[in-house]
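Please read the structure below before turning to the comments.
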Ligand SMILES: [Mg+2]
Ligand SMILES: [Mg+2]
Ligand SMILES: [Zn+2]
Ligand SMILES: [Zn+2]
């Protein structure tokens with residue numbers, strides 16, 4: 001049972017419920033060796049652990065104890081226990097002494113919370129033919145496992161080697177099975193050899209076909225350097241043997257990489273191990289004491305990073321964290337750069353408004369989905385005859401210099417009916433009317449521009465040259481020319497009605513502005529900031545503009561107008577009959593009661609809650625995107641506003 | 001008394017000795033309020049603190065206690081205590097009730113370890129005229145303070161507002177005074193408003209004129225986000241009131257920025273406060289308990305970052321850390337981007353070899369001094385008729401594909417006398433002979449290139465078009481054309497003698513290769529790696545090639561040859577008469593005994609140690625650069641190799 005709590009791109013925080021309690025995700029599951037564990041990982045923050053059922057199965061003593069007392073007693077951990085099936089051993093040694101039915105039933109018998117079928121961990125770089133053949137075995141075993149399991153939840157592992165199409169195929173087939181968790185398998189060789197670009201392809205081609213309602217486990221990912229990137233690709237669970245394996249080898253983990261103890265003059269973190277010891281002291285200790293302390297440090301660092309990642313998802317600053325973390329190694333940056341190829345996938349899960357600003361931290365930032373989304377909007381909506389001006393300090397429209405703007409254009413324009421926009425990094429062309437809307441206002445970029453930024457702007461101007469005029473002084477900066485070279489000058493006008501209508505169109509889709517606002521609206525402004533606050537018609541409130549993100553919150557009247565003006569299923573979340581009275585009473589909408597919705601809905605959107613007959617029941621703020629609303633069976637999907645209809 | 005221990009660019013680790021003990025630098029000095037301190041900063045890792053003498057002076061009770069028991073007892077701290085003079089109050093309130101002589105003498109009387117004259121903290125953005133006038137007052141007060149101080153060390157603060165020429169002027173004048181530490185003042189307003197580009201100008205225009213033998217204190221810098229960047233600009237000391245001021249306001253520091261407690265769902269670090277509490281628990285506490293815990297967290301994070309920065313200097317990975325940290329805010333990245341304008345300054349302090357690889361993490365990396373230095377070398381040394389080839393995996397020359405390379409060039413070339421080089425990011429053109437030399441071999445970059453990288457390569461090809469030929473298949477990738485378009489093909493040859501001579505020239509300067517190696521050298525290779533290890537003539541060892549960085553270590557014979565072949569002062573460190581016998585006996589050379597040296601020496605270089613009469617005494621590895629050798633009076637400057645002459 002998995003519930004999504006907050007979202008940022010494909011990343012999410014959530015709660016995974018098991019027979020042994022709830023776990024916050026993303027979660028790191030320390031690997032416990034069933035025979036020789038020396039570290040109490042629970043004491044260092046582990047809420048869930050993973051151990052290997054095959055090792056238990058093969059060792060008569062462990063096996064007997066596990067069958068008698070259960071796996072939780074065996075490894076002395078009270079929370080949820082995940083078990084792997086021995087496929088790691090299969091990948092290492094080529095064969096193992098157990099069949100799929102034996103190991104699945106064994107896991108169930110010893111009380112595993114989440115067990116795993118015996119998948120085939122196809123390594124990177126094998127032929128398509130072999131990878132496909134092994135995927136079919138993996139699929140068959142996952143299917144069989146459903147028959148053998150009685151109580152436990154089931155992992156169904158995505159394989160497919162380095163063939164993205166096979167990853168997608170495997171994931172789409174597994175998505176049809178009633179399993180609970182999806183590990184993404186056989187990626188350790190990619191991580192070990194810094195092939196992060198291929199890792200990104202393997203993960204995203206899997207995630208694209210996995211149901212958002214199930215947690216995904218990036219198998220073997222235990223280095224804190226990778227957590228942020230992995231979560232931004234939609235991974236929820238990690239397992240770490242790294243904490244102890246690296247410790248055996250006197251290596252300390254950090255989000256910037258790995259430190260060898262012998263090269264250390266300073267302890268590089270704020271954990272209790274680093275506060276209480278020097279590298280020299282550790283070097284002087286017994287091997288075992290040293291290993292245990294380093295393992296503790298490794299756990300501290302790893303759990304701190306998991307918490308930081310969860311906080312970043314909640315804050316909506318996950319991509320900023322990823323962009324920092326990916327500087328740890330150029331190949332990690334390579335992997336992140338590759339992510340921009342998946343912008344269409346990520347866009348479906350990306351909230352339209354977040355708590356934190358968009359930070360441009362390098363050319364990669366131009367590949368972020370927020371930019372991709374806005375440029376798509378500009379392509380469809382930029383008005384013919386738009387004068388593109390140099391961006392002043394934000395908020396742009398408050399810092400405009402007075403007087404006429406001289407421009408150059410490809411065709412003659414009517415100075416009195418121009419539209420206005422600003423040219424800036426990272427969002428390219430920002431219509432004046434949208435200059436306070438998230439994220440077009442809530443962003444920052446260095447003033448010293450890199451070439452990708454310059455080229456990004458130049459290309460936009462070139463793409464839209466037939467629709468726009470360009471402020472004269474920008475021509476030289478950008479190095480663009482308009483051969484026809486019409487010249488003119490215009491006064492920049494800020495029209496409130498145009499502004500609110502365009503914001504409505506931007507937020508709810510074309511036509512919303514006309515539907516919501518009559519020509520004679522009355523606008524109330526904040527006394528402090530001068531910004532638009534409330535919009536009325538005939539003394540009836542239509543909507544409020546939220547100060548934090550410049551988006552519109554509908555009143556009852558606004559909802560009625562939007563509902564009337566935009567046909568089904570636009571902006572709608574449709575609930576089943578049973579939940580109609582709850583919706584009318586302002587109760588939040590749970591995902592499982594949603595029977596349909598507008599595919600364009602994203603987390604954070606203002607939505608109309610309607611009945612199957614498209615009767616308006618309430619308004620609210622989406623907590624999930626359309627795809628999640630349709631797929632999830634647990635948790636809230638819409639936070640309903642008070643005052644039904 | 002200040003000693004440099006390790007170096008990376010302008011950054012250094014060192015030891016500052018005071019009357020109350022030694023302090024490792026870079027160091028963070030928590031600000032202690034003399035009247036109302038509640039946190040025992042020593043218990044959290046502070047080795048040195050700063051407090052405000054003006055507050056003590058103005059409060060009769062504190063003043064009396066300080067005069068009676070000393071400032072250390074007053075603030076209950078046994079280590080070194082720095083005091084500020086009240087100039088902060090001057091900047092805040094416009095005037096204060098004390099004169100320069102009074103406050104300097106007072107600081108001396110209460111036993112301050114490092115006291116400060118009453119400088120004028122000129123804010124950013126004032127006129128050049130006013131800033132200059134105030135700099136003159138600051139200079140005069142610094143000079144006067146020398147007369148008033150009896151025991152304490154003296155801070156002489158660099159001012160000059162946002163006028164780099166005045167910062168340089170002020171610093172160059174202060175450099176002439178026998179003071180001990182140089183704060184860089186009045187930069188807090190720049191940091192508070194994220195004007196990091198101007199901060200970089202203010203700091204580097206100061207540092208460029210300050211003697212490397214004295215620690216520099218970036219006044220008011222207490223946010224851990226800035227430490228790495230500041231150290232990379234040559235700052236050694238920081239003071240933090242931030243730990244407590246932010247805590248008062250329920251804000252938690254981190255290297256990625258600042259978190260407001262009310263927005264936190266997770267504690268974002270591995271310190272004991274974050275391990276033992278949740279944000280909810282903290283929110284529920286008394287204001288004072290909460291403040292103290294947050295202040296503790298803030299100190300933990302700040303000291304951990306200082307340790308991490310020191311480790312990075314030691315590792316030679318400081319710039320990689322800076323490039324990560326600067327993603328915390330686009331304006332911080334802006335500041336870092338600005339640093340490339342100071343490459344000539346930084347180059348003088350940059351070691352030629354480091355323990356860690358060069359990581360390309362964005363267009364900024366092309367502005368790093370290592371790249372700047374190599375491109376300067378290429379400009380002077382690229383041979384006419386060099387065939388530039390696509391770079392295979394590193395080491396390039398071991399992964400060459402067999403067969404002839406087709407090329408295009410601007411002029412006809414002789415296929416039998418071509419030189420060979422590889423084209424790659426970040427070092428542009430890498431002669432085949434240098435493909436194992438640091439950092440040309442020890443680096444990594446993403447495979448998905450940004451436009452700055454592409455343009456960097458294109459410009460290099462264009463710049464050297466008259467000297468080079470380009471592998472045919474690269475023409476299209478780069479989008480360059482050779483109008484004359486001569487074509488040819490060549491076999492790539494790897495010649496050992498050319499290789500070792502070019503390495504010697506690269507390392508020791510032109511002519512070194514000829515001086516060291518006769519045509520009949522014998523080369524011994526490593527059995528494991530096949531790499532060159534030892535080079536002999538007539539069974540005499542000339543030098544050894546170090547596996548870690550591909551550079552040459554001279555034997556006695558090699559030293560004699562280099563000394564004979566290259567005239568004074570090339571590669572020399574000249575020691576005074578007293579230290580001649582020590583040098584001959586293989587004892588390390590202390591900075592204070594050095595009377596002259598080659599200005600091209602950098603830390604890590606192999607050097608010849610000679611007498612005033614240019615008699616060869618020994619060889620060794622420089623620990624400092626030329627400028628430091630001449631300026632420092634404490635600590636080792638050259639680690640001498642055994643076996644004198
Ligand atoms: Mg690094
Ligand atoms: Mg950030
Ligand atoms: Zn630690
Ligand atoms: Zn903490």
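Note: Cβ is positioned from N, Cα and C throughout, glycine not excepted.
The following features are taken from TrEMBL:
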- A:84: active site, nucleophile (ACT_SITE)
- A:119, A:186: substrate binding site (BINDING)
- A:269, A:271, A:274: Zn(2+) binding site (BINDING)
- A:571-645: domain 'PUA' (DOMAIN)
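With a threshold of 8 Å between Cβ atoms, the recorded positions A:84, A:119, A:186, A:271 that neighbour chain B are A:271.
Under the DSSP three-state reduction, the residue listed as 'active site, nucleophile' is assigned to strand. Rounded to a whole number, the C-alpha distance linking residue A:186 (substrate binding site) with the residue listed as 'active site, nucleophile' is 13 angstrom. Broken down with DSSP, the domain 'PUA' (A:571-645) shows 17 helix, 27 strand, 31 coil. Packing around residue A:271 (Zn(2+) binding site) is summarised by its Cβ count: 26 other Cβ atoms lie within 10 angstroms of its Cβ, all protein chains included. Residue A:274 (Zn(2+) binding site) falls within a helical segment according to DSSP.
Spacing of the residue listed as 'active site, nucleophile' relative to residue A:119 (substrate binding site) is 10 Å (Cα to Cα, whole number). DSSP gives residue A:186 (substrate binding site) a coil state; it is part of no helix or strand. Filtering A:84, A:119, A:186, A:271 by Cβ distance to ligand 3 (under 6 A) retains the following recorded positions: A:271. The Cβ neighbour count for residue A:274 (Zn(2+) binding site), using a 10 Å radius over every protein chain in view, is 27. In the shown protein chains, 27 other C-beta atoms lie within 10 A of the C-beta of residue A:269 (Zn(2+) binding site). Each residue contributes its Cα atom, and for residue A:274 (Zn(2+) binding site) and residue A:119 (substrate binding site) these two points are 40 Å apart. Annotated pair residue A:269 (Zn(2+) binding site) and residue A:119 (substrate binding site), C-alpha to C-alpha distance, rounded: 38 Å.
Long-range Cβ contacts of residue A:119 (substrate binding site) within its own chain (separation 6+, distance under 8 Å): A:85, A:87, A:138, A:141, A:142, A:157, A:159, A:185. For the domain 'PUA' (A:571-645), the predicted model reports an average pLDDT of 95.
Just so you know, the Cβ of residue A:186 (substrate binding site) picks up 29 other Cβ atoms within 10 Å once every protein chain is counted.
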